[in-house]
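To start, the structure itself, in structure tokens.
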Amino acid sequence: MKVTKITTYRVAPRWMFLKMETDEGVVGWGEPVVEGRARTVEAAVSELSEFIIGKDPSRINDLWQAMYRGGFYRGGAVFMSAIAGIDQALWDIKGKVLNAPVYELLGGRVRDRMKTYCWVGGDRPADIIAQMKERLAHGFDTFKMNGCEEMSIIASSKQVDAAVAKVAEIREAFGNTIEFGLDFHGRVSAPMAKVLVKELEPFRPLFIEEPVLAEQAEYYPRIAAQTSIPIAAGERMYSRFEFKSVLERGGISIVQPDLSHAGGITECVKIAAMAEAYDVAFAPHCPLGPIALAACLHVDFVSWNATLQEQSMGIHYNKGGEVLDYVRNKEALKLDEGGYAHPFTGPGLGIDVNEELIIERSREAQDWRNPLWRHPDGSVAEW
Ligand SMILES: O=C(O)C(=O)C[C@@H](O)[C@H](O)CO
Ligand SMILES: [Mg+2]
């Protein structure tokens with residue numbers, strides 16, 4: 001079998017799908033994208049396609065190593081996202097050829113179902129209680145929200161109190177009948193992370209995500225030393241080699257690589273195994289589409305330390321397109337009471353893609369950008 005064609009489709013809300021065709025008619029799908037840099041990733045996929053086309057798609061490990069090591073410069077969000085989407089499609093093809101779900105090819109399941117969580121609130125945490133009540137009524141009991149709005153490098157008590165008040169309101173309304181992670185989203189400086197974590201300790205959020213930016217990873221052990229709240233990070237780390245130093249340094253309790261940013265299934269299975277060796281939980285980041293989510297779930301099903309799976313249904317970013325829009329076999333991604341996902345039964349990634357809709361929507365190719373925030377003094381604020 002040989003790869004004959006790779007096509008990318010940028011679609012609403014802010015995703016990109018990759019179709020990989022072969023000379024034996026087997027087709028694989030992937031989801032390479034960096035939110036806000038879709039066209040850049042598309043260019044990277046196009047460059048890598050020159051190498052992949054003509055190759056035997058069964059040689060996933062060798063193709064992965066060649067893509068990663070073959071260009072001399074390596075790593076980073078764009079390049080590792082391009083590799084990720086190609087890798088997902090290669091695994092989809094392998095499963096279809098061998099008539100087995102990807103998790104079977106990875107050694108079979110360690111669990112019967114996988115816990116997922118959903119987002120509440122928007123870029124600025126708002127309507128949290130009402131949205132949690134609405135999602136609770138639909139069986140969800142685990143959530144994530146932005147932990148704060150813009151935060152100055154040395155923030156005022158008012159800014160800190162505003163962030164803490166929202167969390168206090170949640171515990172006041174629900175007690176411990178629900179769980180929630182707080183995503184600091186990289187908005188909080190290292191000095192303020194120490195302040196916020198101390199103030200949030202009594203409310204016991206399930207985890208605090210990206211308490212500082214990935215480029216401040218040396219603060220993870222220092223923050224962890226002052227709190228019992230598990231620290232989570234990983235959406236802006238793109239390979240084993242970045243997770244290696246973070247795991248070595250300690251401080252992280254949950255790693256959150258993104259299956260569409262960190263080199264795909266081949267790389268994230270290895271990251272999960274590395275994390276397990278440090279007794280660190282694995283909770284893939286996934287604010288993206290159905291193929292990315294399926295890739296996450298296949299790795300979750302074979303990783304003993306997989307604990308929580310992010311999924312984007314109802315997330316505030318999904319304007320103009322939702323996860324199930326592009327999926328014909330919608331039951332494959334049905335989430336049961338408690339937000340549990342069930343093992344795919346179909347071969348490969350197990351997603352029967354609505355290609356007609358993808359092609360139609362790619363005609364008005366999305367060009368989503370995240371907002372550029374500024375502080376009151378006009379300086380750039382982390383979004
Ligand atoms: O889902 C998360 O945890 C996020 O932090 C969302 C962020 O990754 C946006 O997708 C960036 O555009
Ligand atoms: Mg996040």
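Cβ atoms are placed via backbone N, Cα and C, with glycine included.
The candidate list Glu149, Glu150, Glu209, Glu267 contains one residue that TrEMBL assigns to the Mg(2+) site with Asp183, Glu235, namely Glu209. By the rule that a residue counts when its Cβ sits under 6 Å from some atom of ligand 1, the recorded positions His185, Asp258, His285 yield His185, His285.
Proximity to ligand 2 (Cβ under 6 Å from any of its atoms) holds for these recorded positions out of Glu209, Asp258, Glu310: Glu209. Reported as a whole number, the C-alpha separation between His185 (active site, proton donor/acceptor) and His285 (active site, proton donor/acceptor) equals 12 Å. Summed and averaged per residue, pLDDT over the domain 'Mandelate racemase/muconate lactonizing enzyme C-terminal' (125-230) gives 96.
Other than Asp183, Glu209, Glu235, the residues of this chain whose Cβ falls within 8 Å of the Cβ centroid of the Mg(2+) site are, in sequence order, Lys144, Gly181, Phe184, His185, Glu210, Ala232, Ala233, Gln256, His285. Proximity of His285 (active site, proton donor/acceptor) to non-local residues of its own chain (separation of 6 or more, Cβ distance below 8 Å) is seen for Gly234, Glu235, Gln256, Pro257, Asp258, His261, Glu310, given in sequence order.
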